[in-house]
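Undergrad: Swiss-Prot lists these features:
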- 1-25: topological domain 'Extracellular' (TOPO_DOM)
- 5: N-linked glycosylation site (CARBOHYD)
- 26-49: transmembrane segment (TRANSMEM)
- 50-57: topological domain 'Cytoplasmic' (TOPO_DOM)
- 58-79: transmembrane segment (TRANSMEM)
- 80-100: topological domain 'Extracellular' (TOPO_DOM)
- 97-189: disulfide bond (DISULFID)
- 101-120: transmembrane segment (TRANSMEM)
- 121-139: topological domain 'Cytoplasmic' (TOPO_DOM)
- 140-158: transmembrane segment (TRANSMEM)
- 159-195: topological domain 'Extracellular' (TOPO_DOM)
- 196-219: transmembrane segment (TRANSMEM)
- 220-235: topological domain 'Cytoplasmic' (TOPO_DOM)
- 236-258: transmembrane segment (TRANSMEM)
- 259-269: topological domain 'Extracellular' (TOPO_DOM)
- 270-289: transmembrane segment (TRANSMEM)
- 290-304: topological domain 'Cytoplasmic' (TOPO_DOM)
């Protein structure tokens, strides 16, 4: 390969979720349904927010972008995993693997920052309601959105820069259904201990900073809401609870994946499935069930 004279691995073999043929068929059917649900659920939110003028507010603008990221994030690994359930030999090219890792980290990092932006939006809406539309202006929203993608791009680029310097000259079997960076690094033909620490530090620092910002934002909001009228507090907590649920679902797998990133336990596969597939599926459900405005707009759009 032209990438490096000492690198001879041109493809990687993915072991998938299970070697059982019966389970392969079951997984194929199950994950096909789940993937369709991801696309339809997030697409429904995108269309509803775009075409319903009542939802043209900062909160729903950010929510529609979250749905877009979730839909694209699931699309980078899930379709290939579904097709691989029907294949005896599951392979992916080196550049295909590299692209998969790059976009997974790009979108994952962007989603973390977008969740922070959504927490800021809720803080302004609940703690400074009279100045909400002034503070959360289109210019501010655009800045928050672009900052989210910029941070995701820098995070992903720094992670992938490590990969370009690694020689792969022998082992090429990845015990997962997609190219997971910690697992790919282990296959390099050199000592990668320092590199493993750098990868953990990079992802861990971004996750920690975002998580702390979210904790501070939600802490201030909850403290503020305690002293509001009961009716207003109920509505505020209803909106806030959906955000907290989504944040918990997003960060919980990250904690396990990056606290024990180079372990060989099968729990890593379960967490990866949850992070890349079930979180994008659950997000639109959570926001729809907890939000009367979205439910009403969807019913109107579907003529129910």
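Here the Cβ of each residue, glycine as well, is placed from N, Cα and C on the backbone.
A description of the local structural setting of each listed feature is requested, covering burial, neighbours and distances.
TA: Here the transmembrane segment (26-49) has Cβ contacts under 8 Å with residues 17-18, 55-56, 60-61, 63-64, 67-68, 70-71, 74-75, 78-79, 81-82, 85-86, 277-278, 280-281, 283-285, 287-288, 294, 297-298, 301 of the same chain, all six or more residues outside its ends.
Long-range neighbours of the topological domain 'Cytoplasmic' (50-57) within the same chain, counting only residues 6 or more positions beyond its ends whose Cβ lies under 8 Å from a Cβ of the stretch, are 64, 293-294, 297, 300-301.
Listed as Cβ neighbours of the transmembrane segment (58-79) (distance under 8 Å, sequence separation of 6 or more from its ends, same chain) are residues 31, 34-35, 38-39, 41-43, 45-46, 49-50, 100, 103-104, 107-108, 110-111, 114-115, 117-118, 121-122, 125, 132-133, 136, 141, 144-145, 177-178, 239, 246, 276-277, 279-281, 283-284, 287, 294.
Long-range contacts of the topological domain 'Extracellular' (80-100) within the same chain: residues 1, 3, 9-17, 24-25, 27-28, 31-32, 35, 160, 163, 168, 177-179, 184, each at least 6 residues beyond the stretch ends and with a Cβ under 8 Å from a Cβ of the stretch.
Following the DSSP three-state reduction, the secondary structure of residue 97 (disulfide bond) is helix.
Note on the transmembrane segment (101-120): residues 59, 62-63, 65-66, 69-70, 72-73, 76-77, 144-145, 147-149, 151-157, 159-160, 163, 178-181, 184, 203, 206-207, 210, 213-214, 217-218, 243, 246-247, 250, 276 of its chain, located 6 or more positions outside it, place their CB under 8 angstroms from a CB of the stretch.
With a threshold of 8 Å between CB atoms, the same-chain residues lying at least 6 positions outside the topological domain 'Cytoplasmic' (121-139) that come near it are 58-59, 62, 217, 220-221, 224-225, 236, 239-240, 243.
Beyond its flanks by at least six residues, the transmembrane segment (140-158) meets 58, 61-62, 65, 102-103, 105-114, 116-117, 120, 202-203, 206 of its own chain at Cβ-Cβ distances under 8 Å.
On the 0 to 100 pLDDT scale, the model's mean across the topological domain 'Extracellular' (159-195) is 85.
When Cβ-Cβ distances below 8 Å are used as the criterion, the transmembrane segment (196-219) is approached by residues 105, 109, 112-113, 115-116, 119-120, 122-123, 151, 155, 158-159, 162, 181-182, 185, 240, 243-244, 247, 251, 254-255, 258, 261-262 of the same chain, each at least six residues removed from its ends.
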Undergrad: Using a 10 angstroms cut-off on Cβ to Cβ distances, just flag whichever of 97, 189 is the loneliest among these disulfide-bonded residues.
TA: 189
Undergrad: For the topological domain 'Extracellular' (159-195), DSSP counts of helix, strand and coil?
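TA: Tallying H, G and I as helix, E and B as strand, the rest coil: 14 helix, 2 strand, 21 coil.
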